[in-house]
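According to Swiss-Prot, the feature [4Fe-4S] cluster binding site maps to Cys17, Cys49, Cys52, Cys58, an assignment based on similarity to another entry. Feature annotation from Swiss-Prot assigns domain '4Fe-4S Wbl-type' to 25-82. The annotation region 'Disordered' is assigned in Swiss-Prot to 82-103.
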Amino acid sequence: MSIAMTAPTTGVAPMTCETRLPAVPCHVGDPDLWFAENPGDLERAKALCAGCPIRVQCLTAALERQEPWGVWGGEILDRGSIVARKRPRGRPRKDSGGNPAAA
């Protein structure tokens with residue numbers, strides 16, 4: 001006589017990220033938007049986060065993990081800290097500012 005060992009069935013589907021979380025903007029849109037280089041794209045990602053039901057938890061967790069960069073909880077993070085806005089890559093444009101030597 002042999003006894004087959006089987007896992008008990010509960011009738012409940014396994015939890016996935018999609019079933020645990022509501023349709024949050026970062027899970028239904030373009031994920032690259034939250035890690036864009038363009039400051040305008042990052043501002044758009046921040047705006048999409050504004051009505052997110054898990055915004056506060058997202059930001060708290062990102063700060064605890066010291067996320068290196070991206071938009072988390074409606075804020076831009078750079079090296080684990082919140083920054084007001086991301087500067088574009090490259091050197092800032094030189095401003096002549098009325099300096100005749102710069103012309």
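In case you wondered, yes, glycine gets a Cβ from its N, Cα and C as well.
Here the domain '4Fe-4S Wbl-type' (25-82) has a mean pLDDT of 93 out of 100.
When secondary structure is read from DSSP and collapsed to three states, Cys52 ([4Fe-4S] cluster binding site) falls in the coil class. Same-chain residues at least 6 positions away in sequence with a Cβ under 8 Å from that of Cys52 ([4Fe-4S] cluster binding site) are, in sequence order, Val24, Pro25, Cys26, Cys58, Gly73, Gly74. Taking a C-beta cut-off of under 8 Å and a sequence gap of six or more, Cys49 ([4Fe-4S] cluster binding site) has these contacts in its own chain: Pro25, Cys26, Arg55, Cys58, Val71, Gly73, Gly74. Summarising the environment of Cys58 ([4Fe-4S] cluster binding site), the number of other Cβ atoms within 10 Å of its Cβ, over all protein chains shown, is 19.
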